[in-house]
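Annotated Zn(2+) binding site per TrEMBL: A:56, A:58, A:62, A:105, in sequence order. Residues or ranges marked as N-linked glycosylation site by TrEMBL: A:94.
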């Protein structure tokens with residue numbers, strides 16, 4: 001993927017990919033690595049029925065806007081040694097929610113019939129994501145995935161050292 | 001306006017106001033003063049035919065996503081002593097653009113028939129806006145409007161000193 005730093009960009013012509021995740025689609029609408037923003041980043045993501053993000057946390061703010069569909073926000077806590085039993089909160093078209101910094105969370109298209117489409121805004125890009133296997137994994141055991149899938153292909157290829 | 005810090009909020013039930021501007025509507029989807037975000041803020045704004053933002057600048061990043069309609073982005077420069085003749089760039093549904101930090105700009109619904117609806121994301125809220133009378137006003141003469149209209153009613157009322 002080559003960066004497109006045009007002043008005005010057409011989202012409907014942007015490259016989307018599932019980055020190896022079944023029933024998932026991601027577009028980097030505005031990105032730190034792709035477009036040079038330093039303080040905010042915007043993604044457009046679609047989750048097929050039943051699909052979920054990993055359980056994860058990050059030390060940046062995140063705001064979701066649900067453009068289409070219905071789903072469930074699962075939100076753990078950073079106040080124990082592990083996320084704990086998450087709150088399960090229904091989300092639906094035209095709702096918005098923010099993830100508190102460092103709180104482990106998961107967005108789940110819990111609807112069997114429709115796609116869930118969300119606009120996602122993060123601060124302090126590029127995102128540094130720590131992934132949990134389950135809600136009982138200690139925070140210290142969560143695994144850093146950096147760069148994240150959609151940022152990997154924005155980084156310059158390593159030089160040929162031959 | 002009272003802050004609504006519910007975890008999930010319904011945008012279609014949020015208060016909208018024109019803050020005294022004809023043909024304009026603003027909703028603070030996620031706000032620093034209204035909802036406690038510290039690093040990002042999201043607005044939903046609608047401009048009637050012919051309506052414009054003021055010519056203004058701010059020292060935060062700003063990303064626009066055009067949800068409906070067509071318009072024109074006018075973008076000056078912070079590199080001279082005044083904004084100078086702005087670039088005029090067409091914007092339309094499903095496009096996105098970012099305003100470089102401190103560059104004076106104006107969003108104009110240059111279409112005569114339709115509303116222009118945009119989602120606006122800023123960093124480092126609440127926004128500190130410097131307003132220009134025209135594109136030839138020196139940067140140093142632009143006037144700070146703080147708090148901005150939609151943040152004014154989120155601040156606590158002054159105490160009755162009697």
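Just so it is clear, glycine is given a Cβ too, placed from its N, Cα and C backbone atoms.
Heads up, TrEMBL stuff is auto-annotated, nobody curated it.
Positions of the features from TrEMBL, shown on the structure.
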{"residue": "A:56", "record": "Zn(2+) binding site", "Cβ within 10 Å": "20"}
{"residue": "A:58", "record": "Zn(2+) binding site", "Cβ within 10 Å": "22"}
{"residue": "A:62", "record": "Zn(2+) binding site", "Cβ within 10 Å": "24"}
{"residue": "A:94", "record": "N-linked glycosylation site", "Cβ within 10 Å": "15"}
{"residue": "A:105", "record": "Zn(2+) binding site", "Cβ within 10 Å": "24"}
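Taking the mean position of the Cβ atoms of A:56, A:58, A:62, A:105 as the Zn(2+) site, the remaining same-chain residues with a Cβ inside 8 Å of that point are A:53, A:57, A:99, A:103, A:104, A:127, A:129. Listed binding-site residues: A:56, A:58, A:105. Those with a CB under 8 Å from a CB in chain B: none.
Cα distances from the residue listed as 'N-linked glycosylation site' to the binding-site residues A:56, A:58, A:62, A:105 are smallest for A:62.
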